[in-house]
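TrEMBL lists 29-51, 63-87, 107-125, 146-165, 192-216, 237-262, 274-294 with the feature transmembrane segment. Taken from TrEMBL, the feature domain 'G-protein coupled receptors family 1 profile' covers 42-307.
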Amino acid sequence: MIDANITIDINSTFIDFSTQLLREQLPAFWLWIFLTLINGFSSVISSTIFLKYKFRNSESQFMLLNQLFLEFCDSFWSFGLAIWHIMHISKEQNEAMTSIICYKYVAFQNFTIDGSSLFSFILGLDRFLAIKYPLWYKSKNVAYKFLLVFLAYIFQSSIFVASFFDHFDPSPLPVCIVRAATGYYLTLFKSYYLMLINISPLVFYITIYLLLTYQAGHKIDDQSNLRSIKRKLSDKVMRAMTFITIWHTLTFAFASFSTLILNKLPYRGSQYGPYFLAFYYTNGTACFLSYTIYVKRFRQCLKHLIFKQSLIDTSQQEAWRTNVGKVRTASKF
């Protein structure tokens, strides 16, 4: 009888703690809503421009579209979870539950977050191989990009299914968040796996720029190759992709590294986890910003999409008017 009373007292105390902790984390959930709305909207706008205006249709863009799709899915699911948390707060309800029960709510977040990282890795590797080996794309048929994307989804889906058979901590969580709910072995695997695939793209792009700079200094005798190398170095799309990669590496590596520390804290870091999770909802925003800043064609398409402006820029219009004037002048004589 005494033991039962003690257990009830501990449970009621934990439930009160869960309710209080949820209330204190209300700013974090509003931050989720703000970032997921921006990230989801940016992903949709960027994807619309790429598809509607046939913008640089290539294998790299196809990978980027899949990454943006996962960013939108992640934003949509995380937005719903933020509303779910806020509803519990408004109704003074707790979220005290075991890890395995919580994981059923948040597992899809793992799939989308990790899938976005995987496509970022594939993008970086693809760019590196294309620069290092100029015949890389020419040696691949149309089915290559579809096969690669299919294998990426199969690999990520296999990890997703296997994650439900992991060893979960039996102790309850005060707040249901994805990093606290993940099983023991998957947490270890993901901590190092995500660190590897998030840092590798940055290494790829650094290697690309070093390789092109080296080639530019040793191709003085071949002017055509030199012009090609300089054109690659100044390519705006490549700069935009580099910007996305740096952004992705910094945000994801920081969030993944924080998981190693948070999981050592009481309740697996549920007190602070929601704030660090916000770093995962920014890749779609990074894509939109980088292409808007670096790529003129993207800005023109964006203006046409929003304001219905002409896709021909001012300089092209002036050149067209000049040529028309010359033709009319010549016709008089």
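The backbone N, Cα and C atoms fix where each Cβ goes, and this holds for glycine too.
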Intrachain neighbours beyond the transmembrane segment (29-51), with Cβ under 8 angstroms and 6 or more residues off its ends: 61, 64-65, 68-69, 71-72, 74-76, 78-79, 81-83, 85-86, 89, 274-275, 277-278, 281-285, 287-289, 291, 298, 301-302, 305
Whether the transmembrane segment (192-216) meets the transmembrane segment (146-165): three or more C-beta pairs under 8 angstroms: no
Cβ-Cβ under 8 Å with the transmembrane segment (107-125): same-chain residues at least 6 beyond its ends: 60, 63-64, 66-67, 70-71, 73-74, 77-78, 81, 148, 152-153, 155-157, 159-160, 163-164, 178, 182, 190, 194, 197-198, 200-205, 241, 244-245, 248, 252, 280, 283
Arithmetic mean of per-residue pLDDT over the domain 'G-protein coupled receptors family 1 profile' (42-307): 81
